[in-house]
Amino acid sequence: MILADKIIEERKKNGWSQEELAGMLEVSRQAVSKWESAQSTPDLQRVIKMADIFGVSTDYLLKDEMGEKFSLNEEKDAENSKGYRRVSMEEASDYLKFKVESSKQVASAVFMCVISPVLLIFLMGLADSHILNITEKAAVSIGLLVLFGLVSVAVYTFLTIGTKDKKFEYLKKEPFETAYGVDGMVRELQKNTEVRRNTFLVLGVILCILSAVPLVITAIMECPDYIIISMVSLLLLVVGVGVYLMIYSGILGDSYKVLLQEEDFEIGKKGIDKKIEPYKQIYWSVITAVYLIWSFLSGDWGFTWIVFMIGGVLYGSIEVIMKTVIGRK
């Protein structure tokens, strides 16, 4: 049974006309008619949407097969001649959908971490300048309450996304083969989103660079302290937006590279990532221990969180060094 026959069968089974199906797919009735008569073939995005509408798998629609919707033998054949796991169109689609959703959530969580001290800094500046009728103790209390609240929500988001991401962990850590049509679908999405992703990345970098401009200007003009402190808060807000855009763009871009096994996700590099995983866990455990010990000893919880920022910057360099050393071995 070819794709054209399956479209006809599923449409009639649901009691839809060609016009109704066309409306759901946002195409013309003539397009559906051509698909059903095998005069043309829908693009992969339409196939994925049809699979959702019909309640079937994309594998079923794409594979020319007879009989039932799922070939048990094909589903069980999870490995190819090289012994690699085979990733189906449905698995790839589920992974990309998850990454689209999680990219926004992770970016938002990082944004919350970056801006978490903004209110604390702003209120402290107003309290010190006696502009706002608020004591320094009250300013610190309100600021810390907001800081801990934002960080708590962010940590919860990271943990939730991390738990869900374990389902797709094998894509990053194990070599695999993709089923027919998967590479084409991924490359098409990669190409279609390239301009948008690059725009977000460039905007993010520009915002991070320009974020310090208001602070520098107010400092040069010798403005009152509360204005300069307010510019520090503004700096963090702008940096937060810039980081959000860069992380959102980066996660989407990496999701395509994962499925295509390109750049950092090449088959040869996956073995290296497995080897450095224990060192990664030890590193972040040490960073967390330093943060907690310093915070409890100093009591300066509003400042000691910077340990994680420094740790993140240093980790990038350490990871490159570890990969280089292990790769040579």
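All residue numbers here begin at 1 and follow the chain in the order shown.
Backbone N, Cα and C atoms are what each Cβ position is placed from, and that goes for glycine too.
A quick note: this is a predicted structure, and the numbers were derived from the prediction, not measured.
Record features (TrEMBL):
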type	residues	note
DOMAIN	7-61	domain 'HTH cro/C1-type'
TRANSMEM	106-126	transmembrane segment
TRANSMEM	138-159	transmembrane segment
TRANSMEM	200-220	transmembrane segment
TRANSMEM	226-247	transmembrane segment
TRANSMEM	281-297	transmembrane segment
TRANSMEM	303-322	transmembrane segment
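Within the domain 'HTH cro/C1-type' (7-61), the DSSP-based counts of helix, strand and coil residues read 38 helix, 0 strand, 17 coil. Segment contact holds for the transmembrane segment (106-126) and the transmembrane segment (226-247), given three or more CB pairs below 8 angstroms at sequence separation of 6 or more. Within the chain carrying the transmembrane segment (303-322), a Cβ under 8 angstroms from the stretch's Cβ atoms is held by residues 113, 116-117, 147, 151, 276, 279-280, 283-284, 287, 290-291, 294-295, all 6 or more beyond its ends. Below 8 angstroms of C-beta separation, residues 227-228, 231-232, 234-236, 238-239, 241-246, 248-250 of the same chain, each at least six residues beyond the ends of the transmembrane segment (200-220), sit close to that stretch.
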